[in-house]
Amino acid sequence: MFELTDAQRQLQQSARRLALEAIAPHAAQTDRSEQYPWHTVEALREQRLMGMTLPPEYGGKGASYFDTVLVIEELSKVCAASGRIMVESNMGAIGAIMKYGSDAQKQLAARLVLAGDKPAICITEPQAGSAASDMQTRAERRGDTWHLSGCKHWITGGGVSKLHFVFARAIEDGKDTGIAGFIVVGPDVPGMTIQRIPAMGIRGVPEARIEFDDMRVRHDMKVTPPGRTEAGFAGLMNAYNAQRVGAATVALGIAQGAFDLALDYAKRREQFGRPIAEFQGLQWMLADMSIQLEAARLMVWKAAASGSEFPSMFAAAQAKIAAGEAAIKVTNDALQIHGAVGYGRDLPLERMVRDARMFTISGGTAQILRTQVAGTLLGQKLSQRRSA
């Protein structure tokens, strides 16, 4: 279905070399220290991979999402945190701003990303996870200034990101006009407080709780697509489909990295006088892992190539479900093949198991995404709200 061009193969190989030479040697320490991998940022920036999807007129390469996922997978095989940085410097918040923002907003966002910033998209709230439109964060307009108040939760990059794309209810003249996006350049902004949330995996990129207490944002930092504000929210969320494809690719990369380790180990490890790869039970495990990986990769590639501007919601949801669930299964099976040595910290497998777990949760749970897929198949929006 997909045949990579020579240029794409070269890009893939270049990303693989970068991952092995500049990122893999630091991956374990990044996890143990729970420190942001600035060495990765510098390596990506030097190779012009941060912001590679930006249009050339804004300093990027104008790379397609398809080309971008090729890079993301290679990085994620050795370090999920690095793959996550690659995703969010090319997809999600930056995509929404480049599509719907003013020229000044685009220039600002591009400048920050090209300098090495990983934008933070601020949607989730303590009481508004899957039900994102239930968000309570408010932005009240007073003249040419918006005053933001509320709380965002599980914000990836909180504390290290400069560019924050904050979703909030826009209040004008006392009326709720719908959800809009606001560009906030932080993290040291009056009225903005950030608290890190300790997490199970991908510890090199912080998760955070961000509170806004009458934080002021200039009116020219509001991003709303043309048309009604509610339709504008839907437009902004369309950009999030790309982020889901990126997340699916990180999950795929983690799983592929674990599989590669398991396959090599099975060939070398001997028990009962022969390599364990000769045991049928283990052969079937490897076969199933390979099948899950190839199926997930095809869905990720299809999603990355779908849509005219952003990946389609349907394809992105399918890819994220498939890759997220494959990552959990494949990493656990890879650890099982290694036995006790996989359970130890000398190998990256226990880290991969922890890192993989988030991908059926964040950015849309596997359950809520299945509802979206079903709604598309049935041609209707399947509301999860309790009937009156």
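The backbone N, Cα and C atoms fix where each Cβ goes, glycine too.
Every protein chain considered, the tally of other Cβ atoms within 10 Å of the Cβ of Arg84 (site 'Important for activity') stands at 26. For Arg84, the entry in Swiss-Prot reads site 'Important for activity', with the evidence type similarity to another entry.
Among the features that Swiss-Prot reports, FAD binding site is placed at 121-124, Ser130, 153-156, Arg269, Gln336, 363-367, Gln384. The secondary structure of Gln367 (FAD binding site), as reduced to three states from DSSP, is helical.
Following the DSSP three-state reduction, the secondary structure of Tyr240 (substrate binding site) is helix. For Tyr240, Asn241, the entry in Swiss-Prot reads substrate binding site.
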Original post:
Ile121 (FAD binding site) has how many other Cβ neighbours within 10 Å of its own Cβ?
Top reply: 28
**OP:** Have a look at the recorded positions Arg84, Ile121, Arg269, Gln367 and say which one has the shortest Cα distance to Tyr240 (substrate binding site).
**Re:** Ile121
**OP:** Would you pick out, from the binding-site residues Thr124, Asn241, Gln367, the residue whose Cβ has the largest number of other Cβ atoms within 10 Å?
**Re:** Asn241
Original post:
Fewest neighbouring Cβ atoms within 10 Å: which of the binding-site residues Trp154, Tyr240?
Top reply: Trp154
Original post:
Which number gives the other C-beta atoms within 10 angstroms of the C-beta of Gly364 (FAD binding site), all protein chains shown included?
Top reply: 27
**OP:** With an 8 Å cut-off on Cβ-Cβ distance and a minimum sequence separation of at least 6, pull the same-chain contacts of Arg269 (FAD binding site), or say none.
**Re:** Pro275, Ile276
**OP:** Rounded to the nearest Å, what's the C-alpha distance separating Asn241 (substrate binding site) and Gly364 (FAD binding site)? Just drop the number here, would you?
**Re:** 10
